[in-house]
């Protein structure tokens, strides 16, 4: 699994989110390689001490379906879904993102909707992707969500909708209070650059 996106995205996320993201990556790796690692350790132990191989049982919380084992934390489902999405495992990503939305509809101001839209866009299902983007814009019109939505509209070929969303970001930035502007300037810059290139 490539780690370049995790290091690149960490500059845009708060420290707590980066720790959740690293937990999701570790969980993904354990989920994928847990049985192989245990097999290797038991085989190594048997060879080293000349013992019979022991029988063991894989813990149930590594099968990826038990919600109780993940602690019903929507953040973990979201970050795990994002990790699956970045590694190209779209079906698993959709399951995790939908589980996160089932647990908390208002998670991260609608970012799960934009990630689901990205999944559907990669699969070629434009109608479903545009549906998710419309939900994200209608329910969570924050600057970050609007920028991500505008970018996905641009990628899907909806240039006019993308331009409208980026103009909405610029207008929203002008209406922000001064202390919020310092935090949100990167979204203004992103919207200006994308609006210029459309």
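Glycine is treated like the rest: Cβ placed from N, Cα and C.
Quick caveat, the model's predicted, so the values are computed rather than measured.
Annotated transmembrane segment per TrEMBL: 6-30, in sequence order.
What TrEMBL records for 74-107 (among others) is repeat 'TPR'.
The feature repeat 'TPR' is assigned by TrEMBL to 110-143 (among others). Taken as a whole, the repeat 'TPR' (110-143) shows an average pLDDT of 88 in this prediction.
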Residues in the repeat 'TPR' (74-107) grouped by DSSP into helix, strand and remaining coil: 28 helix, 0 strand, 6 coil
